[in-house]
């Protein structure tokens with residue numbers, strides 16, 4: 001059979017005689033258009049006429065390359081250009097969708113794929129406050145095809161979900177730029193795994209075409225991006241199919257004859273850090289340039305006039321009453337106002353164009369009021385022989401200088417919040433030792449390579465003191481590995497063949513060989529970084545307060561400034577307040593204008609916008625470094641409200657490695673047959689107890705039977721949640737589970753069975769009963785030791801006024817025995833997965849906020865139902881996916897860490913809001929002159945922006961990682977004291 005390409009594999013292998021293939025000649029769309037294949041079921045197809053109708057309807061759609069419909073399978077396979085035709089319920093230009101075209105022919109479309117959603121992350125430049133982030137979100141959501149967009153102010157990033165059939169990343173970036181902000185693409189869903197290469201041997205554009213075509217035909221290559229100017233290449237690939245070394249080899253083999261191509265790795269600069277450094281340098285340089293002009297203005301206006309012999313030259317008149325000092329200040333102030341300060345004009349323009357306001361609007365209003373009033377004073381002095389007035393050029397220039405200083409300090413403060421994440425990304429080593437083995441496992445060669453070149457199933461050598469480059473399994477050697485940088489566990493962990501190792505951890509003493517199992521973005525370290533980045537991007541509900549305030553904050557400030565000016569100007573003109581209040585160098589208008597400008601520039605919406613996201617960034621980053629992964633601000637906020645913690649038993653309160661301590665037969669079956677059928681039934685179960693039973697049964701099978709490791713297969717296998725499993729082994733029906741399963745199938749339990757179960761349950765053991773053909777055949781007694789820290793954690797939770805509950809599918813006797821050992825008073829036993837979720841809801845009905853801690857698939861409904869779900873890191877992927885918090889170390893003490901971190905973070909956020917709101921609530925009235933009539937104290941514009949700059953810096957200081965860490969983990973000392981108490985030892 002001839003195979004034309006990998007897409008042919010999606011076509012039905014069995015073709016009905018009436019089936020047909022229609023090839024539609026596509027329009028000339030350029031060589032770059034990628035073809036996609038779509039498969040779906042069509043109901044009601046009975047003959048060749050039906051096939052022809054469907055193929056004819058689809059063939060008329062522009063962009064459809066070929067259509068094949070199978071009568072036998074009732075399936076349609078369509079190859080199309082996604083740029084020209086839509087597969088979903090969004091009409092493309094002049095064309096119907098594929099689905100609608102089929103339905104219009106009278107057939108029903110079944111199993112149609114859901115709308116394709118792609119995800120991209122953008123770095124947003126130029127955001128200053130919450131209003132900016134909200135404007136960016138609105139601009140993104142207005143783009144056709146964008147389904148969801150989240151913009152993080154503190155992180156300076158956006159995460160966008162979009163339909164790639166409708167829009168692309170270029171249009172999304174254009175939307176951000178149209179809103180007045182800069183945008184760079186960080187990553188998209190298709191290029192999570194990518195390698196960057198530098199090309200050598202390139203002499204013409206044809207060489208790029210040759211290399212691109214050679215790479216694009218490789219299976220597993222998603223996208224090839226070539227920078228012809230820099231001779232650089234970025235390749236997105238599927239690590240399950242292909243690896244970077246294979247890509248480099250393909251490039252080298254693309255050359256023929258005189259052409260020889262070489263590709264070497266290069267590491268692009270880290271985007272976030274590069275942008276942050278550039279932003280800091282920009283603000284610093286602008287501040288220094290502004291000082292170069294502003295300081296002479298300040299000296300000529302405020303300092304020299306106080307020393308008459310040195311400042312007299314400033315009063316020399318140029319024309320009429322226009323003095324040298326005014327002209328000098330105008331010449332120096334103008335570059336600051338319109339060149340250095342042009343960013344504030346641009347920001348104001350874009351904000352007003354999108355019908356919103358931000359900090360730039362306040363700055364532009366305040367500085368323009370001072371500057372153009374000074375121009376008015378200068379023109380009036382130029383045309384008058386007797387006019388005397390005070391200019392405010394120093395106010396305008398010094399305000400811009402202080403603003404730039406504040407922005408510089410703000411960038412420094414925000415940079416501190418991402419330190420923890422940067423440390424995580426730096427854990428992976430740069431180089432690794434790759435081994436080549438022969439068929440017998442002997443080492444043929446050893447080569448040092450970049451960790452970026454590691455592929456799945458590579459054998460790597462890890463010498464003492466070296467970091468593990470990727471996730472893998474130990475295949476040879478023994479050692480101790482320090483995993484504290486990932487899990488927070490200080491004690492090195494013993495590793496032997498078969499044990500898993502995590503990339504980024506440090507090999508302590510022995511030399512081990514590992515087989516790479518997860519590389520690139522699939523490693524645990526990469527997953528942690530991605531999870532923390534997503535958490536830092538997500539908004540906490542408490543952020544809504546700042547979002548609501550920001551909508552009317554700037555307009556309120558502008559109105560307040562205008563009212564302040566009127567409030568001082570009108571009474572001043574009417575001489576309602578004493579003329580002595582007005583300085584001799586001013587009139588009532590100037591006096592009132594200073595108060596109005598002060599109100600404009602003292603207001604600080606930036607602090608409100610940064611109060612929550614910066615604290616969330618610090619908390620999630622530091623939580624990750626302590627082994628606690630918190631999935632976003634929502635989970636972080638909910639955790640501090642928890643009043644009840646519900647624990648699963650197996651794998652959560654207990655070690656999760658049960659062992660069979662006894663087994664017994666209740667029937668005439670031989671131990672060999674009994675074990676064979678038990679293994680067959682339990683082999684497909686993921687429960688830890690089932691695994692323990694299988695392992696013990698295999699040992700018994702080998703002891704009493706043959707050494708053959710092939711066991712009978714089970715048919716009609718079925719899982720009974722919270723009870724056990726059932727199936728057919730040969731002609732016999734077998735049940736393996738607890739007493740509830742036996743009752744469910746009406747299996748009688750004799751006195752001997754009841755006594756065995758009762759005796760073991762009193763010893764906190766779990767009994768697994770085995771019934772064959774409706775009769776009890778035997779049983780296993782399983783014990784699972786309690787985690788050593790469980791009792792201490794329950795006691796400490798009680799001291800935090802948090803009650804503890806245990807819910808388990810195990811029997812009542814075992815559950816009560818375990819609960820008594822750890823100090824839990826309330827127990828729910830013999831509960832299936834849905835029953836666990838129901839118990840959670842019952843507790844919530846009492847008004848209590850409930851956290852659920854679990855590890856298995858059977859815990860996932862309860863994890864979702866709880867207000868906050870916490871998954872043990874050693875648990876199943878399903879449980880981890882369903883949880884809000886992941887405890888990497890599988891240590892119960894981290895339950896307290898998560899709750900305590902949440903409490904301290906929320907406390908810090910409240911303090912941030914008190915500072916931010918308090919500053920504005922107190923600062924604006926003082927700037928408006930409320931104290932002036934009583935104390936003579938007023939805040940001139942310069943003093944306001946000095947206070948503003950210091951406050952922005954303080955915003956960064958009181959949310960630094962050290963502050964939260966010092967407050968969030970005091971309980972650890974208490975736990976150490978408890979561990980030294982004889983009661984808990």
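Numbers run from 1 along the shown chain.
Each Cβ is built from the backbone N, Cα and C atoms, and glycine gets one as well.
Taken from TrEMBL, the feature domain 'HMA' applies to 36-110 (among others).
The feature domain 'HMA' is assigned by TrEMBL to 118-184 (among others). Under DSSP, residues within the domain 'HMA' (118-184) fall into helix, strand and coil as 22 helix, 24 strand, 21 coil.
For 193-259 (among others), the entry in TrEMBL reads domain 'HMA'. DSSP states for the domain 'HMA' (193-259), grouped as helix (H, G, I), strand (E, B) and coil, give 23 helix, 20 strand, 24 coil.
Only residues 6 or more beyond the boundaries of the transmembrane segment (287-307), in the same chain, are considered here, and those with a CB under 8 A from a CB of the stretch are 314, 325, 328-329, 332-333, 335-336, 340-341, 391, 393-394, 397-398, 400-401, 404-405, 408. Positions annotated as transmembrane segment by TrEMBL: 287-307 (among others).
Within its own chain, the transmembrane segment (319-340) is flanked in space by residues 286, 289-290, 293-294, 296-297, 300-301, 313, 367-368, 371, 374-375, 377-378, 381-388, 391, 393-394, 396-397, 400-401, 404, which lie at least six positions past its ends and keep a Cβ under 8 Å from the stretch. The transmembrane segment annotation in TrEMBL covers 319-340 (among others).
Within the chain, the transmembrane segment (361-379) has long-range Cβ neighbours (under 8 A, six or more residues past its boundaries) at 322, 326-327, 329-330, 333, 337, 341, 344-345, 347-348, 351-352, 389-393, 395-396, 399-400, 403, 554, 557-558, 561, 590, 593, 596-597, 600-601, 603, 605, 941. The transmembrane segment annotation in TrEMBL covers 361-379 (among others).
Summarising the annotation, TrEMBL assigns transmembrane segment to 391-409 (among others).
The feature transmembrane segment is assigned by TrEMBL to 552-571 (among others).
Summarising the annotation, TrEMBL assigns transmembrane segment to 591-612 (among others).
According to TrEMBL, the transmembrane segment annotation covers 913-934 (among others).
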Rounded mean pLDDT within the domain 'HMA' (118-184) lands at 83
